[in-house]
Amino acid sequence: MTSYSCCLILLLFTWSTAAYGPNQRAQKKGDIILGGLFPIHFGVAAKDQDLKSRPESVECIRYNFRGFRWLQAMIFAIEEINSSPTLLPNMTLGYRIFDTCNTVSKALEATLSFVAQNKIDSLNLDEFCNCSEHIPSTIAVVGATGSGISTAVANLLGLFYIPQVSYASSSRLLSNKNQFKSFLRTIPNDEHQATAMADIIEYFRWNWVGTIAADDDYGRPGIEKFREEAEERDICIDFSELISQYSDEEEIQQVVEVIQNSTARVIVVFSSGPDLEPLIKEIVRRNITGKIWLASEAWASSSLIAMPEFFRVIGSTIGFALKAGQIPGFREFLQKVHPKSTNNGFAKEFWEETFNCYLPDGSKNSPASASFHKGHEEGLGAGNGTSAFRPPCTGDENITSVETPYMDYTHLRISYNVYLAVYSIAHALQDIYTCTPGKGLFTNGSCADIKKVEAWQVLKHLRHLNFTNNMGEQVDFDEFGDLVGNYSIINWHLSPEDGSVVFEEVGHYNVYAKKGERLFINENKILWGGFSKEVISLLKRVPFSNCSRDCLPGTRKGIIEGEPTCCFECVDCPDGEYSDETDASACDKCPEDYWSNENHTSCIPKQIEFLAWTEPFGIALTLFAVLGIFLTSFVLGVFTKFRNTPIVKATNRELSYLLLFSLLCCFSSSLFFIGEPQNWTCRLRQPAFGISFVLCISCILVKTNRVLLVFEAKIPTSLHRKWWGLNLQFLLVFLCTFVQIVICVIWLYTAPPSSYRNHELEDEIIFITCHEGSLMALGFLIGYTCLLAAICFFFAFKSRKLPENFNEAKFITFSMLIFFIVWISFIPAYASTYGKFVSAVEVIAILAASFGLLACIFFNKVYIILFKPSRNTIEEVRCSTAAHAFKVAARATLRRSNVSRKRSNSLGGSTGSTPSSSISSKSNHEDPFPLPACAERQRQQQRGCKQKVSFGSGTVTLSLSFEEPQKNAMANRNAKRRNSLEAQNSDDSLMRHRALLPLQINEPLGAEPGFQAASSPETSSQESVVEDNKEEGPSPEAEPSLPSVNSRNFIGTGGGSVTENTVHS
C-alpha cells in the first residue's frame, strides 16, 4: 500500500512539474523553501476543448510587467535576507515561484505542486525513492494577487496548514478564520476601503451613484460592504452590475447601456484591472464621458486601465492606493535583470516583451512565439504591437532605455507588500531559530526544530508575529490575520510633458483616526477632467451627482412616493422653522422667542407688542386720561372756590369732593394699562380700577339716596337727622368700597395677576399682556361695580322729578345709562380682542365711563356757577323748592276736586265741566288795585321769582316773593295762625296736602338740616314744624334774614280756586 501511495504521489508530482517547465517558473534551492504565486500574465487563451485528444494546459497571454516586478520584489527580499548576518544566520532561503496567469485554474496547478512536495516529505519515502534532486517542502506561500484566486488557494493550503501570506488580496471574506485557517495578508481588508469610498461620496455631497463589481470573491463582498455604508449615509444606488474578464460581448453591451442611460455621474467600481478592461474599452468606443470613476485599489493604478487612449473617458478617476513603502536597493536590482538568468525562467519572456523582440534560442512554444501567431494584445511596452515580425534580441539591450510599468518604482505599494510578506515569514522563522526551550509556543513551552520545521509550526509563529519593519513601523497580524493599514487617495492626471497618466496623491485615509476625522482631501489638487490646470481651470469644480438638485437653505427634502430617498422635491420650510444648510432633511424649529425670516434661512427675534406709551394709540389714550384728570381737577377747584354758594351746598359738598377724588383715581388708573406690563403693574391696575369706580359709584349712590329720603320724608325727626348725617354717609361709602377691597385682596392672594409673554396669538409677535390669574375674580370685581351702578340707577330714576336744584338725579340717571352701555359693550369687546388691544379696550371703557360721570354730574353745575351766576342764588333754590311743593299739593287738590265733582254730578244728575288744561295765576305786579308809594317801594325791595308748574291737565304760574323776616315777624305769625285755621276748616285747603318748605340755604345738605314740611291734619300740626325749626336755630353760615312767602290766589279754568297763604319760615 505504501509503495502504491508513493507511486501515486510521484506521478502527481511528475505531472505537476511537467505542466510547469523550466521556462514557467522561478526557482532556487535553499534550506527552507518559500512558494510564490504571481500574475505574470493577465489571462489565458480561450480554447475550445472538444476532448477528441488529450487536453493540453491552457496557454497564458498578455504579459503583466507589474506582476513581474512583484516577483522580483520577492526574490530581492529573499536574497537580502540570505545576505543578512542577523536574520536567519547560517540558513538559506530558497524559492519556487509560479505564474497564476490571473486565473484560479493556473493558481491551483501551482498550489498542487506545493502540496504534493509537502506530502512526499511527510511520507518519508527517501528509503524507497532515490531522489537525487530532492527539493525541500514549501513551508509558506507568498500570494496570490486577486481575492478570488487567493480564496481557492487558501482552501487548498488550509487543508495542510501551509501558511499563505497574500500581498494584494483584500476581500473581507478572507478574514473568516473558520474557513481560511492559514491565510494572512499584508494588505488591509476591503471593509475599510468600502467605508472610505462611502466617506468620499459623503464628503463631496453626492447621493446618486452606480456600482460595478467583479463577479468574484473580491468584487461581490466589497460592493456589498459599500452598499451597507451607503445606506447609513443616505446614498442611493441607481444601478448595480457585475462584470468579468470572461463576460461575453452581449453582457458587456448591456452593462454599457445601463451606464449610458443612468443619470448617476459617479460610478463605484470594485474590480481588478483585467476584469474591468473589456468594459472600459466598450465605453471608450462609445465615447461615454462625463462620469466620475471611484476606483478600488485593485485597479486604481492598473496599467491596463491607466492608458492615455482611455483618458478622455476615465480622466476624472479618484482611487485608493496602498501606502507606498521604501525598499532600499530595489531600483538597482530591477535594472540587473537579464534574460539568461538561471534562477528566473520568466526573465526571457520579460526581455522579449520589453524590447518587442525574440531571443534566437527561444522555443517556438514560448509565449513570445505565441504572441507572434496570436496577435499580441498587451500593448504595454514600447515595442508592443501586432507586427508580423519581431527582430531578434541580443540580450545586451539597456533596460532603462524603455519605459514600462516594470521600471515604475516611484510608488512601491504592492511591491512593498510582497517585500513585507517575505520578511514576515523570515521573522517567524527567526523566532523559531532563536526560541528558548520552555518558552516556546508549543506544548509545554517546547520549540520547533528549525532544521526540520514544518508549515503548521511556521503558521503558529506567524499568528504571534511582532516585529519592526525597515520603515520603523510595527508589524503584527490581528486575530483575523490582517494588517491594519492606511490608504492614499489618488487622482488621475494627464502629464503635460509626455501625455502619460500620472497618479497625483490628493489625500489620505487614516483608519486609526476617530470616525469623522479619518478622511483628508486636498480639493485644490483634484482635476475632475484629469487635465492640467493650465488647460482647463473649470475642471476644478466638483461635479454634480445627485438624483435631485440641492435644496437651498430655507427648504427641506420632501419624499417623492415610489422613488428612492435620494430623489426628492424641495419643500419650503413652514413658518416658524428654518434650515440654514443645503439639502436639509428637516427644518429646525426656531426658539420660542424667535421666528423664521422671510426666506426661512434663519431665525429672527419675534416682534414684541404691548400698548406702549410711544405709539399713536397709546399717546391718544394717555392724552385723554390726562385731559380727564385736568377736567376733574378743574371741577374740583371750581367747587372748592365756590364752596359756599347754594348750588355747591345743595349738591352735598363733602360727598362731591370725595366723588371728584374718585374720578381722579378712575382717570389715573387707566394709565396703569399703558406701557410694558410688569408684575407689579398687572397686580395693581385691576384693583385700582375696581376700587376707584366702586368709590365713585358709592358716592353717587349715597347722595342720590339721601336726596330722595329728604324729599319723601313727612316730618323730620331726630332719627332722620341721625341717619342722614354726614358721618353715616361716609360710613356707607366706606362699607361699599370695603367690599371691593376684600374682593381684590382675595384675588391678589389666591391668584395674583402677572406679566405674560403670549406666543400663541400670532406666530411672529410676542404679546406681553397681563395674565389675570382668575377670570372669576375679575368677573366679581366688574360685577360688583355694575351692581352698585344698578342700585344707583334705580334711586336716580326714582328721584328724577325732584326740584330743579335737585334734578341732578336726572343727570345721574343718564350717567348710569352711559356707564351700563360702556361696560355692557366692554364684555364682548374684551372677549373678542387679543394682545395689546385688550388693554386698550379696558382703557377706553374706563375713560368713557369716567367722562360720562364727570360730564353728566358736574358740567351742568360748573356751567351755572361760572356762566349763570344769577341762578346760583338762594331765591332760585327756594323758588324751585316751593314750586315742587305747590306742584305736589295742587295735584292732590285737583284729584280730590275731580273726585268730589264726579260724585256730586252723579248724585245731581247734572254734568259739570272738567277743569281746563291750564290754571292761571295773577302775580303781585298784576294786582288791579294800586298800592301806595311806600308799599310800592317795599315791594320793589322784596325778592321774588316765578315758577311755571305743569301737573295733570293744568299749568300753574307760581309767583313767589321773599321779604326780610325781621320786618314782619308778627304779621307772619298771625298769618300762619289764620292759614292753619283755614286749612282745617276747608276740604279744598292746600294744607291737606304735603308741601315742602324751603330749605335753609345756610345749612349744607349733608349736615343735619333744618327744614319745614306742611302736612295734612291727619299726620301733624304746623306748630310742631315750627317748633322743630326753632329748635335747630340758625347756622353760623346762615343768611342775615330768612325770607317769607306771600300768599296768592290761583284760579283754575275749571272753576276751582286754590289759595296759597303766606307762610313764613
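Just so you know, the numbers here start at 1 and follow the chain as drawn.
Yeah, the Cβs are placed from backbone N, Cα and C, and that goes for glycine too.
Automatic prediction, not curation, is the source of TrEMBL annotations.
Going by TrEMBL, these are the annotated features:
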| type | residues | note |
| --- | --- | --- |
| SIGNAL | 1-19 | signal peptide |
| TRANSMEM | 617-639 | transmembrane segment |
| DOMAIN | 617-881 | domain 'G-protein coupled receptors family 3 profile' |
| TRANSMEM | 655-675 | transmembrane segment |
| TRANSMEM | 687-709 | transmembrane segment |
| TRANSMEM | 730-749 | transmembrane segment |
| TRANSMEM | 775-797 | transmembrane segment |
| TRANSMEM | 809-831 | transmembrane segment |
| TRANSMEM | 837-859 | transmembrane segment |
| REGION | 897-931 | region 'Disordered' |
| COMPBIAS | 905-922 | compositional bias 'Low complexity' |
| REGION | 962-988 | region 'Disordered' |
| REGION | 1006-1065 | region 'Disordered' |
Counting only pairs 6 or more apart in sequence, are there at least 3 Cβ pairs under 8 Å between the transmembrane segment (837-859) and the transmembrane segment (617-639)?
yes
Counting Cβ pairs under 8 Å that sit 6 or more residues apart, are there three or more between the transmembrane segment (775-797) and the transmembrane segment (617-639)?
no
I'd like to know the mean pLDDT over the domain 'G-protein coupled receptors family 3 profile' (617-881).
80
Return the stretch with the most CB pairs under 8 A relative to the transmembrane segment (687-709), choosing among 617-639, 655-675, 730-749.
655-675
Residues sitting near the transmembrane segment (617-639): Cβ under 8 Å, six or more positions beyond its termini, same chain?
611, 648, 653, 656-657, 660-661, 663-664, 666-668, 670-671, 674-675, 840, 843-844, 847, 850-851, 854, 858-859, 862, 865-866
